[in-house]
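The following features are taken from TrEMBL:
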TRANSMEM  12-30  transmembrane segment
TRANSMEM  42-65  transmembrane segment
TRANSMEM  71-92  transmembrane segment
TRANSMEM  134-153  transmembrane segment
TRANSMEM  159-183  transmembrane segment
TRANSMEM  195-212  transmembrane segment
């Protein structure tokens, strides 16, 4: 089975909604953009994207290796579905508006560092040390594997996700200096989290149902 547009839309949609939900990386970008401008924040964004790329590569490679072990593979897929289900419930129960101002500290030493490698390392460390990133990608690629997505298609999805993370983070950095953009994002933050929660629940339920049919 080749690259499916329907499958790509599902993966890209879930990934985009997850990006829209504010987390530690989002607030790091916001702080850096407000204090140093979006151009210098580009290094932070690239560091975050590279860390996501590491998780994507590990997920793709790991599931390619696991594919030949039927029971272990099915257990990992089920665990991935369970995590996405848990994440969806969590977003629905605790959806709230994001307060950017509360996360911006003018005296933050990390935000005032000027060298490009330092800002890159700051972004990379923020994303690579966040266990939710690892679990999210592992879960998403477990679902792709459950749908028999070929290795080549998973590579395409991975490249897309890397580009989406970097592009979205740059957009956040550029838009964060506009009060209207910040106000709108803050106002609709809870709704974004609820929609993300519903989508993750739907994907997890769909794949768990498919796995259950296969193992009857």
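Going from the start of the chain as shown, residues are counted 1 onward.
Glycine residues also receive a Cβ, built from the backbone N, Cα and C atoms like all the rest.
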TODO: Find the member of 42-65, 134-153, 159-183, 195-212 that has more C-beta pairs under 8 Å to the transmembrane segment (12-30) than any other listed stretch.
DONE: 159-183
Open item on the list: What residues elsewhere in the chain lie close to the transmembrane segment (159-183), defined as a C-beta under 8 angstroms and at least 6 residues from its ends?
Closed with: 8, 12, 15-16, 19, 25-26, 29-30, 32-34, 37-38, 41-42, 44-46, 48-49, 52-53, 56, 100, 137
Task: Close approaches to the transmembrane segment (42-65) from elsewhere in its chain (Cβ under 8 angstroms; 6 or more beyond its ends) - done: 25, 28-29, 32, 73, 76, 116-117, 119-128, 133-134, 137-138, 140-142, 144-145, 151, 154-155, 158, 161-162, 165-166, 169-170, 172-173
